[in-house]
Each structure stands twice: as structure tokens, then as C-alpha cells.
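Participant: Got a structure for you, written out below as C-alpha cells; questions coming shortly.
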Amino acid sequence: MQLFEESGNTDVEGIDTTNACYGGTAAVFNAVNWIESSSWDGRYALVVAGDIAVYATGNARPTGGVGAIALLIGPNAPLIFERGLRGTHMQHAYDFYKPDMLSEYPIVDGRLSIQCYLSALDRCYSVTAKRSVPSGRKVGFRRSPQLEGNDRDFTLNDFSFMIFHSPYCKLVQKSLARMMLNDFLNDQNRDKNSIYGGLEAFGDVKLEDTYFDRDVEKAFMKASSDLFNQKTKASLLVSNQNGNMYTSSVYGSLASVLAQYSPQQLAGKRIGVFSYGSGLAATLYSLKVTQDATPGSALDKITASLCDLKSRLDSRTCVAPAAFAESMKLREDTHHLGNYIPQSSIDSLFEGTWYLVRVDEKHRRTYARRPSPNADTLDEGVGLVHSSTAAEHIPSPAKKVPRLPGTAAEPEAAVISNGEH
């Protein structure tokens, strides 16, 4: 809130939303619901998804990553939430949890975690498909207007892109294969569908029996390899290089897609999004890209803002695994301390990065920002600028929060922009 208080804006509604890796999506839904409600006053909603999750020494640690995503939600959107194309599954499970309040490290049941993820995908996909078909064929909550008049089930082919929460990239590929398995089992005419050639032996399998069936997994990963390359592979640009970003992971996948395709290639496309958080909560929903790909359009702007994503990944500093392990040991030894001043250098931080200056005896934290040469940007106008004296911070000039006209466009549209890794 310090960033808003400096500008005099305390008329802010919203709270931290924490539910493992699902927290970012819950915050996005809260923001969209606010804009669609009678409480909306014309302002944008801002969602920031980040995480402090870390793994203990062992097999899981190399999968861990770090990152944050900022999303701007509002009308006149380049990406539109499709009403009706959304399915959610929630369940109590001890797949990943933190019972020790003195430790940052979780207890992870790896096998159960995979089963929970895949079963949640099955449930969410089933609910989404039922809600999308014309009434009279299946009982659904609401049919999607984009599919009206099509006398068929909703399938993976209705998504131009399919992106997933990415704990590790192989699970994403398995998940797309899993959706194909769902389509296969639900297709009454699968024997006539050439895409299912060679899969006939699996026609009687039950989903709940296949989570660790290597024959099923191998067969459907092979059968779905072309679909994976077409719909999902591009979304792994960040995950392949950055590991699991946890609550911002699926939005890193979205940023990856937007960064690698032109506005003309994206216009009118449907993007399926599967968000998952341990414990567990999951939703599969749909984003529809606007048709307007003209220069200066919202779609043009959002893709332009991400055009340097790959170069930013390439600009990172490579360090030895031993150096990373040393940093993690330092964090383990100091994360709970009060009256503590970090001794690490800020020279390796990107310009504009926020960092911890100190923790006082009451465990109150003070942050500063590595100076950026673009002092007149909004980023510099909402923070505290680090000076040569460790304890000195200079308040920035006040800036007003932008408001949208009260007669803004239909509120079901939601802008998602400016992905940060």
C-alpha cells in the first residue's frame, strides 16, 4: 500500500489472495467480478501475482523458479473472458503444504501432487465441456454464444492455444495429452476419427485408473504431439528457462504466447487457460483475443509490450549451482531474523528492481529500488528511490490514479497486459 499512499490514493479495495499457485487466478476473478458489479466506479483493476515459494535441497529444487506478473483488468480489452467457458474443481488434499511455521520449505507428496493436478484437469475440462454445448444435448450452466448452433461437443480443437500452470514442462505436455484422452473417451465416433488411429485399445479405460498408466500416457503423448506443437509449446518459453513461477506461472505462459505471435496471428483466437494450486483449487477458463489487430490497437500494444521477453531472459546472469545453493542456505538461516540488514550486493539486480534494505527489531521490513535511468516513468513515480545512504529514502512526486469514463464499454471485457518475468 505504500506505493498508493504516496500519491494520496487510499481508496483501494482488494486484499492478498493466497491459495498456493491458484492465488493469482483467484485475484484475477475477483478483479473481473468487481468490474462486472454495481460497485465498479470506472477504474482499472490491477492484479500482481508473485510468490516466495522455495524448495529444500533435493530433487524438487531444480524445478523452482521465481517471477511476478502484473495484469491490468478493464474494458476495451485485447483479451476477453468468455462467459460460460469456465469450469472449477476444489478439493481438500495434502499434496503440498507447509505445516512448520518456522520453515519456508513445504512437505510435498510428489505422486499425490501429480494425481491431484491431473484429476483436477479432468474435472475442470469436463465441467467446461458440459457448459459449452447447446442446451438439450447436455445439462449445462450456460452455453457459450461462440458455439451456439454447433451440434457437437466442445473439444480441444476449439482452443487455438492451450496453456497450463507449469510446475515443470513435462507435466504440461502430459496435460495436453490428458485432454486428448478425455476427448477420445467422450467421442462416440472415435473409430471414424483419424486423429485417434492406433488408440483403439484404450477405448474402455477409466480416467481414474490412468494417472500413472505408462502405456496410456505414452500413447496419448505421441498421438497429441502435433497438437502440443501447435497449441502449447510456445507457452513454455518462460517456464523452460525460468522454472516454476508458482502463482504467476500460468500467466508467464500467457505472456510467452503473446510475445511470440503477431497481432494478426492472434486476432480472433481462443486461448484455454488451466490454473492449478495445491491444496487444491483449479479452474479451466477461456480467453478470446479481440479481432482488432490494427496498428495502435490494444492487441498491438500488448504484444509490443512483450516483444523483448526473450531478450530479457537472455540478459540474465548465469551463476554456478553452488552459488545458488549458498544463497538458499543464507535465506534459510536468516529469513526469520529481526534486526537484520542483508549484506548482498545490489549490483547484479536489474535496474528498477525492488530489494530488501533491512528488517528491524519488530520484524518490520524496509524496501528500496535500484535506480532506473528513466526517472520520468510511472515506475519511478510510485516508489521509494534508493540513495547513497542506506537508511535514506526520498518520497516520489504524487501521481493520480487514472480513472475510466463512467460510460466505458461492456464490463465483461478484461484487459490483460504487461507481463513481467
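The backbone N, Cα and C atoms fix where each Cβ goes, glycine too.
Since the structure is predicted, the reported quantities are computational estimates derived from the model, not experimental observations.
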Participant: According to TrEMBL, region 'Disordered' applies to one of these ranges: 184-217, 388-421. Which one is it?
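Facilitator: Going through 184-217, 388-421 one by one, TrEMBL gives region 'Disordered' for 388-421.
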Participant: Give me the DSSP three-state residue breakdown of the domain 'Hydroxymethylglutaryl-coenzyme A synthase N-terminal' (1-78), ordered helix, strand, coil.
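Facilitator: Its residues fall into 20 helix, 14 strand, 44 coil.
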Participant: State the Cα to Cα distance, in Å, between Lys170 (CoA binding site) and Cys21 (active site, acyl-thioester intermediate), rounded to an integer.
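Facilitator: Rounded to a whole number, the Cα-Cα distance is 18 Å.
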Participant: I'd like to know the mean pLDDT over the domain 'Hydroxymethylglutaryl-coenzyme A synthase N-terminal' (1-78).
Facilitator: 92
Participant: Look up Lys174 (CoA binding site) in the DSSP assignment and report helix, strand or coil.
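Facilitator: Helix, per DSSP.
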Participant: Could you state the whole-number distance in Å separating the C-alpha atoms of Lys174 (CoA binding site) and Cys21 (active site, acyl-thioester intermediate)?
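Facilitator: Pair distance, Cα basis, whole Å: 19 Å.
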Participant: Please identify which of Asn59, Ser113 has the densest Cβ environment, defined as other Cβ atoms within 10 Å, among these binding-site residues.
Facilitator: Ser113
